[in-house]
2 protein chains.
Amino acid sequence: MSQQTTGTDDTGRGHLLVHDPTLRDGHHAVRHQLTAAQLRGYAEAADAAGVPVVEVGHGNGLGASSLQAGPARLSDEEMLSVVREALPHSRMGVFMLPGWGTMRDLRRAVAHGADVVRIGTHCTEADLAERHLGLLREAGVEAHGVLLMSHMASPAQLADQCARLVSYGAQGVGILDSSGHYLPADVTARIAAMRAAVDVPVMFHGHNNLGMAVANSVAAAEAGADILDACARGFGAGAGNTQLEVLVPVLARMGWRTGIDVYRLLDAADVAERELMPKPPTIDSVGIVSGLAGVFSGFKNRVLDISARQDVDPRDVFFELGRRQAVAGQEDLIVDVAVGLRERRAGRGGQTG
Amino acid sequence: MSQQTTGTDDTGRGHLLVHDPTLRDGHHAVRHQLTAAQLRGYAEAADAAGVPVVEVGHGNGLGASSLQAGPARLSDEEMLSVVREALPHSRMGVFMLPGWGTMRDLRRAVAHGADVVRIGTHCTEADLAERHLGLLREAGVEAHGVLLMSHMASPAQLADQCARLVSYGAQGVGILDSSGHYLPADVTARIAAMRAAVDVPVMFHGHNNLGMAVANSVAAAEAGADILDACARGFGAGAGNTQLEVLVPVLARMGWRTGIDVYRLLDAADVAERELMPKPPTIDSVGIVSGLAGVFSGFKNRVLDISARQDVDPRDVFFELGRRQAVAGQEDLIVDVAVGLRERRAGRGGQTG
C-alpha cells in the first residue's frame with residue numbers, strides 16, 4: 001500500500017506522508033534494548049492507526065549493533081522479521097549509515113522485507129551514499145537519501161547535495177535536524193531550496209531541543225516537504241523527536257491529510273509510553289544547550305564526564321564544540337576543547353579548582 | 001527595578017518582558033503544596049538570573065485556597081512574605097480571579113509587597129475586573145487585566161475586551177491560552193488585534209498541549225506582544241506551560257533582548273526540576289485531546305471518572321464539551337455530555353457495555 005501521494009487537492013492543503021521512526025530513533029533512548037514483544041506491540045498499534053511507514057532497527061541503523069555504538073538486544077534480522085509480520089498494512093522502513101552498515105546489511109534487509117530504505121550521510125557527504133542507492137534501485141526497493149546534522153550546511157549546499165542523491169538514484173531526499181538546532185525560518189529556507197532543486201519527495205526530521213519540533217515540521221510542510229518524521233511521545237535520545245500524535249492532529253487542523261486515524265494514533269502513543277519507554281523525553285538543560293550550540297546530543301555523557309574532570313562548565317564545552325563544527329565521531333575533540341577552556345581560564349587568573 | 005521597556009532599538013528586535021508564573025501556575029501540578037523552602041529556593045534562583053517578574057500564589061490565585069479549589073499548604077501572606085524576601089532585584093507578581101479572590105485579598109497582597117497584580121476574567125467578561133483594577137490603581141500598584149480561555153473569543157472581541165480593561169485602569173492586558181488550543185496563526189491574529197486596540201503592554205501566556213507553546217510565544221512577540229509568560233521546565237498542570245529556559249535563548253537567537261542571563265536561567269530551571277516537581281510536564285493523550293477540543297485541562301479527572309462510569313470514550317466527551325463551549329465551573333455539563341453520548345450510542349444500536 002503506497003500512501004506516497006503528494007501535492008494539493010481541492011479539499012485542503014494536500015497529503016503528507018508521515019514516517020514513524022519510533023522503533024529506530026527511539027531505540028537510542030533505551031540503548032537499543034527493545035524486545036520482540038515491544039517491537040511487535042507498537043508496530044501493530046501503529047499499523048492499526050494507519051501510519052504509512054514504520055521504521056525499525058538499531059538507533060544507528062543496519063549493521064550498527066556493536067561495542068562502539070552499543071549492542072542491540074536483537075539482531076537486525078530478528079527486528080525486521082518481527083516488525084514485518086506486525087505490519088499487515090504499513091510499509092516497513094530501515095535506515096543505514098554507510099560505515100556502520102554495509103552492502104551486505106542492505107541485501108539482508110531487503111530479503112527480510114524492508115519496503116523503504118534510507119541511506120544517511122553527513123550533510124555534505126552525499127557521495128558516500130552513491131553505491132548503496134545504486135544497489136537498492138537494482139534490487140527494486142524504494143531508496144531515499146537523507147542528510148544528517150543538516151544545520152551545518154546552507155540551503156544552497158543542501159539543495160546541491162540533494163540533487164546529487166537524486167542523481168545516484170534516490171527516490172526521496174531529506175534532512176535531519178540531528179542536534180535540534182533549527183527554528184522554523186531555518187527549516188523554511190532549507191526545505192524551499194531542496195524543493196526547488198529536486199523532483200522527488202522531500203523529507204524533514206525534527207528534534208525537540210528548542211521546543212520547536214512540531215512548529216519546524218509544520219514549517220517544512222508549508223515550504224513544500226512531502227514526508228515528515230515523527231515518533232510516538234517524541235521517543236528518542238535527549239530532548240526527543242517530533243511528537244507524532246501531536247503533529248498529526250495539528251496537521252489535520254491546518255488542512256493537511258495524512259490518512260491516519262487520530263484516536264488509534266493516540267492509542268498507539270499510549271502503548272509506546274507504557275511499553276517502550278522508562279519515561280517520555282523532556283527538554284533538560286543539556287538538551288537546550290546542545291540544541292543552541294548545534295552539537296550532536298550523543299556527545300552528552302562524554303561532555304559531562306570530561307568537563308567534570310577538567311573542572312570546566314559543560315555548557316562552555318558545548319558552545320565551543322559548536323563553534324568548531326564538531327560532528328559525531330570526533331570524541332577526541334571534547335578533551336581538546338575542555339583542556340583549552342581550563343588553560344584559558346588559568347591564563348586569565350581564574351579559578352583552577 | 002522596572003524592566004518594562006518596550007519597542008525596538010538599533011541592535012535587534014527590541015526588548016521583551018518575561019513574566020515567570022512558575023510558583024503560581026506551576027502550583028496546579030503539585031496541588032498547591034509548595035513549601036516555604038521550595039518557594040524561596042526557586043525565587044532566589046530566578047532573581048539571580050535576572051527574571052524581571054516572579055509570580056507566586058495558589059494556582060487559582062489570591063484567596064483561592066479552599067476545599068473547592070484545593071487548600072494550599074501556605075496562606076497567601078506566607079507565600080508572599082517568603083518570595084518578597086527572596087527577590088532583591090525581581091518584581092513580585094500576583095494573580096487574582098474575582099470570585100475566588102476579593103478586594104480584601106488584593107489589599108493584603110499589596111501590603112505584602114506585590115509589585116504587579118493581574119486580574120483575570122473569562123475572555124468575554126472583562127467587566128468583572130473593573131472594581132479590582134480601580135482599587136489597585138488607587139493603591140498605586142501596577143495593575144494588569146488578563147483574559148482566560150481566550151481561544152473562545154475572536155480577535156475583534158479580545159481587542160474590545162482589552163480596550164475595556166484599559167478603560168478600567170489596566171496598565172497591561174493579555175490573553176491566556178488556558179486550554180492550549182492555539183496554533184501560531186491564531187496567536188498572531190489575536191495579538192495583532194489587541195496591539196492595535198490599546199497603548200499599554202500586551203501579554204501572551206501559552207500552554208503546550210499541541211507542542212506549540214514556544215512557537216506561539218514567538219508568534220506573539222512578532223505580532224507585537226511586549227510581555228511573555230513562561231515557567232521553568234514548563235511547570236504547570238497537564239501538558240504544562242511555555243518552557244522558560246527554552247523560550248529565553250530562542251528569543252535571544254532571534255534578536256530579542258530579555259535582560260536574562262541564560263546560564264543562570266538554566267541553573268534556575270535545574271533547581272525547579274530538582275526541588276519543585278515530581279517530574280517535568282509531558283504531553284499525554286488527554287493533554288492533546290483537551291488542547292484540540294479547546295477544553296479547560298482542569299476537567300481532566302472529572303472527564304475520565306465520568307466517562308468510565310458511563311462507558312463512553314473520554315475523547316468524545318472532551319470534543320463534545322469543546323463544541324458546547326464549556327468553561328471552568330461547569331462540571332455538571334460533563335455528566336450531561338457523557339450520558340448524552342451513551343444514549344446516542346444505545347439509540348444507534350451500538351455497544352452498551
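From the backbone N, Cα and C atoms, a Cβ is placed for every residue, glycine too.
Per TrEMBL, the features are as follows:
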- A:16-266: domain 'Pyruvate carboxyltransferase' (DOMAIN)
- A:Arg24: site 'Transition state stabilizer' (SITE)
- A:Arg24, A:Asp25, A:Ser178, A:His205: substrate binding site (BINDING)
- A:Asp25, A:His205, A:His207: Mn(2+) binding site (BINDING)
- A:His28: active site, proton acceptor (ACT_SITE)
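A:Ser178 (substrate binding site) counts 24 other C-beta atoms within 10 Å of its own C-beta, drawing on all protein chains shown. The C-beta environment of A:His205 (substrate binding site), restricted to residues of the same chain at least 6 apart in sequence and closer than 8 Å, consists of A:Pro21, A:Val146, A:Gly174, A:Ile175, A:Leu176, A:Asp177, A:Leu228, A:Asp229, A:Asn241, A:Thr242. Largest Cα to Cα distance within the recorded substrate binders A:Arg24, A:Asp25, A:Ser178, A:His205: about 14 Å as a whole number.
The least crowded of the recorded positions A:Arg24, A:His28, A:His207, judged by other CB atoms within 10 A of its own CB, is A:His28. Neighbours of A:Asp25 (substrate binding site), defined as other CB atoms within 10 A of its CB across all chains, total 27. Note: the Cα of A:Asp25 (substrate binding site) and the Cα of A:His207 (Mn(2+) binding site) are spaced 11 Å from each other. Closest to A:His207 (Mn(2+) binding site) by Cα-Cα distance, out of the recorded positions A:Arg24, A:His28, A:Ser178, is A:Ser178. The residue listed as 'active site, proton acceptor' sits 13 Å from A:Ser178 (substrate binding site), taking the Cα positions as reference.
Between the alpha carbons (Cα) of A:Ser178 (substrate binding site) and A:Arg24 (site 'Transition state stabilizer') lies a span of roughly 14 Å. This prediction places the mean pLDDT of the domain 'Pyruvate carboxyltransferase' (A:16-266) at 97. The residue listed as 'active site, proton acceptor' falls within a helix when secondary structure is assigned with DSSP.
In sequence order, A:Pro21, A:Phe95, A:Leu176, A:His207, A:Asp229, A:Gly236, A:Asn241 are the same-chain residues whose CB sits within 8 A of the CB centroid of A:Arg24, A:Asp25, A:Ser178, A:His205, the residues recorded for substrate being left out.
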